Amino acid sequence: MMAGDGADQSRRFFVAVHVGAGYHAAANEKALRSVMRRACLAASTILRQDSGECIDAVSAAIQVLEDDPSTNAGRGSNLTEDGHVECDASLMDGDSGMFGGVGAVPGVRNAIKIAALLVKEQITGSTLLGRIPPMLLVGEGARRWGKSKSVLIPGTVTEADQWLVTERARNQWRRFKAMLSEVGAKSILSAEEHPRGTENNETCEENVSSCAAADEDKIMDTVGVICVDNEGHIACGSSSGGIAMKISGRVGLAATYGSGCWASSKGPFGAPFLVGCCVSGAGEYLMRGFAARECCTSLALSQAGPASAAMKVLRSVMHQESSKIGTADKTAGILVVQADASVVVPGSKPELNAVEIAAAYSSLSFGVGYYGNSIEKPKISILRTRRQMSEAGVDHFEARIDLRPTCC
């Protein structure tokens, strides 16, 4: 991919991406590595521009992830119990603190486009008659708003689904639909035979969980991107098709403020502190824990480093949920970037010096990639735990990347 007009090869930047926590089958690894590489390059093309903005870079990278059928976002997303695609997405700008999210939006190829525009309109305050710009839109209303702003391809939900719904997703939906029907029939029979008992209902729930776990490729919820530009501006975003067989209208982690992504240029007490975080997992318990915001806050307060903060938050939300009723998957992944930017000449703009990147995950695998101006090509990895499937724990990866020129 070649840089466009106005590209400045001396501009410093950094981009980190992930394609979800869960289990990534070896057969899909090549496709996932390819899409992460292309997402990194799409963001870098914008960040090398003199006028390139982090919001646009995050949006461009996530659009690449949404358009690829190997991810659970946009095309190839998990289907609702009704057999349709409903997407969640959000984007946050670290400088302004503005957040834009869309939830359960049907018939949209790139939900991140709507989220990005929501952020921009809040920053500019461009509304008629002084109305407050929306921060979160859901369902058909989000789709209509996107069409009114000309950020969506014209067409009906049915027409969009023809592109969004892949054969793999449809086959998975049919398989899960049959499983649910079978379990439902057994539950009715069990209730008739044991009207006051719960043992058989619990067995049915366990059967569903074990059948789902046996699926070859099980990727939980979101994809995400974090971008930092030459001046130390930071932004991040998330996008997701949601969990398989979700109830229509369910709004998940990727659309929720403070949960799916978080970016900030200041610490809790107002001092400069550049940090961005994206979270992936079975969303409800991560939403209750405000996982992305908590990770950034913990990092700013402890100064122990991104890896320590990510592992601490992941262990905390897992522990809080461990005593609650239910057999839902509690695995997750957290990707966090802390950036260092300083003013070299008094009165001038800050300049990006280095970043620290960390990934913490309790899942069997977590697909991550990153790229910066001092790196020859994107570094891509499907991180895999050495733990057995039944073992609980948190693994991590961390690296520090110096983005300053190596010679004068």
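Backbone N, Cα and C atoms are what each Cβ position is placed from, and that goes for glycine too.
Predicted, not measured: the structure shown is a model, and the values here were computed from it.
The active site, nucleophile annotation in Swiss-Prot covers Thr222 and rests on similarity to another entry. The substrate binding site annotation in Swiss-Prot covers Arg250, Val251, Gly252, Leu253.
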Counting other CB atoms within 10 A of each CB, which of the recorded positions Thr222, Arg250, Val251, Gly252 comes out lowest? Arg250
Take the Cβ of Leu253 (substrate binding site) and count every other Cβ within 10 Å, whichever protein chain it belongs to. 30
Surrounding the recorded substrate site, with Cβ no more than 8 Å from the Cβ centroid of Arg250, Val251, Gly252, Leu253 and those residues left out, we find Asp88, Gly103, Ala104, Ser240, Gly242, Lys246, Ala254, Ala255, Thr256, Gly283, Glu284, Met287
Could you state the whole-number distance in Å separating the C-alpha atoms of Val251 (substrate binding site) and the residue listed as 'active site, nucleophile'? 12
When you put the residue listed as 'active site, nucleophile' at the centre and draw a 10 Å sphere around its Cα, which of the binding-site residues Arg250, Gly252, Leu253 have their Cα inside it? Gly252, Leu253
